[in-house]
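Q: Got these off Swiss-Prot a minute ago, pasting:
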ACT_SITE  C44  active site
Amino acid sequence: MASDSSAQPKSVHEFVVRDARGNDVDLSIYKGKVLLIVNVASQCGLTNSNYTEMTELYEKYRELGLEILAFPCNQFGNQEPGSNEEVLEFACTRFKAEYPIFDKVDVNGSNAAPIYKFLKSSKGGLFGDGLKWNFTKFLVDKDGNVVDRYAPTTSPKSIEKDVKKLLGIQK
């Protein structure tokens, strides 16, 4: 939800979302951080490579200001059927994910989470705004502006240069 329902949100930082443990998280805590926001799934063909590379990217740039926000979603092929606890166990044990895992959300349709409505309206896809599959990635700058959207098949490693640019890292 945006803080003020009468005005359209202008930044990711205006949203409050629920984490996988049921706690509300005000995304304004990420002001000054570069964010990679990803809809994740445990049983997708893209799961292993994406989780592995997201963890590597996070370990490399976390101290420099990168945060990865993972939102489980079961809208694509029912590939995230588990409970929040099961998703946490899977991501944190199998892939050593130390970045935040949020409550399972819808990313498309009338029940889409407000944060995803904002992300999609900020950076539409090649064939419309709707997400086409798991592991669609949104890159957000330190001010909460959505600067890029990447297809599910775009590997996290391949966007490292864009992350570095937003972090102000040369080379």
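Glycine residues also receive a Cβ, built from the backbone N, Cα and C atoms like all the rest.
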Q: Can you count the other CB atoms that lie within 10 A of the CB of C44 (active site)?
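A: Other Cβ atoms within 10 Å of C44 (active site): 19.
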Q: Does DSSP give the residue listed as 'active site' helix, strand or coil?
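A: Where the residue listed as 'active site' sits, the three-state DSSP reduction gives coil.
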